[in-house]
Amino acid sequence: MRKAFSIFLFLYLLSLPSSYGLAAPTEREPKVKSETAILIDAETGQILFEKEAGKRMYPASLTKILTGIIALEEENLSKVVTVSENATNVDGTSVYLVEGEEIKWKRLIEGLLINSGNDAGVVIAEHLAGSEAAFAEEMNEFAEKKIGVRSSHFTNPHGLFDENNYTTAYDMAKIAQYAMENNTFQTIASTRELEWKGEGWDTTLHNHHKLLREYDGATGIKNGFVQQSGFTLATSAERENRELIVVTLNASTSQEAYEDATQLLDFGFEAFTNEKIEKDDTFTDEKGNQYATASDYCVTVPTDGNITKDIIGHSLLVKDGEGNLLLEAKVTPMEEEIKSEAASTNEGKEKQRIHWVEKVLYALLDGAIETTKKQTDLILRT
């Protein structure tokens, strides 16, 4: 693998308690041409490959991934909004919205993600926040608080160049991972063609991400380009119930970006697999003591099976062949579990005993009361 993660990436890894970086088999490591890149497993979040993934870069239209997921979470899909004059004047790719045109919210998001419509992005921003600048503040707050990215800053909803609109490959992978967990986002991002009947444009939209048509298992998500950013690409693909996410930034050509993404996805599916560790699975430490896992876990491991599983303290540590920590899982000593079960059983028995005693006392009390009543009646009769 690369010599070392950047400081940014290292700090990110420290913030992830249960998933860590994974060393790649050196002989199979991809040769990536894009300036920065990252490959992660979408389920575990583990990094399978990185190239300067913490370096500040310009995202171009990958910005729209964040705009799209915010739009999905903060407004009803059937909401009808009106296009402003300002939105129709934005530069770059568009879906040719017309001032005063009324359009459904879902349609705006489709135009944003499938055809990379900058005008759709402006309409979304103005509706949710009143202006692009105000929406950018929402984007930054959303990215940090809901997704957990801390090395990105956004100034607009579409990704047109601004030196203060920046991200990292790592951050963008996290944003893509978060967005693709939303079923509606995934459906839109994976749409290859869509009939578009707007007031200013009647056409068939073709998704700009060509790997949706060329890569087996591709599921999304977005491409981008401005002169200052080079060609940017975020791609997801799923095979055999495993989903991978690749981000490449600043490729020299579109073809170079797609080639990088393709070889990274191939590498991820071939060199790694996911292993499930279920709750109450047992493991033994060096002294023969047994421990059980406290929860279900999933960890991405090399397909060559070269991993170790060791009990240290009250943790199960899963490492690859180079000693890189892949997973730290909480475990409980089996003796404690037995004691806990015994205590629970004893507590149950004690409750049953108390309940039985109470029933006897109540029965005796009822009998005594009945006897007293009979004696009283007898005295009164005499």
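Heads up, the Cβ atoms here are built off N, Cα and C, so glycines get one too.
In TrEMBL, annotation is done automatically, which means it is predicted and not curated.
TrEMBL annotations:
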| type | residues | note |
| --- | --- | --- |
| SIGNAL | 1-23 | signal peptide |
| DOMAIN | 26-253 | domain 'Peptidase S11 D-alanyl-D-alanine carboxypeptidase A N-terminal' |
| ACT_SITE | S61 | active site, acyl-ester intermediate |
| ACT_SITE | K64 | active site, acyl-ester intermediate |
| ACT_SITE | S116 | active site |
| BINDING | K222 | substrate binding site |
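Known features from TrEMBL, placed on the structure.
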residue: S61; record: active site, acyl-ester intermediate; Cβ neighbours (10 Å): 28
residue: K64; record: active site, acyl-ester intermediate; Cβ neighbours (10 Å): 26
residue: S116; record: active site; Cβ neighbours (10 Å): 26
residue: K222; record: substrate binding site; Cβ neighbours (10 Å): 30
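Reported as a whole number, the C-alpha separation between S116 (active site) and S61 (active site, acyl-ester intermediate) equals 7 Å. Straight-line distance linking the Cα atoms of K222 (substrate binding site) and S61 (active site, acyl-ester intermediate), rounded to a whole number, equals 8 Å. DSSP gives the residue listed as 'active site' a coil state; it is part of no helix or strand.
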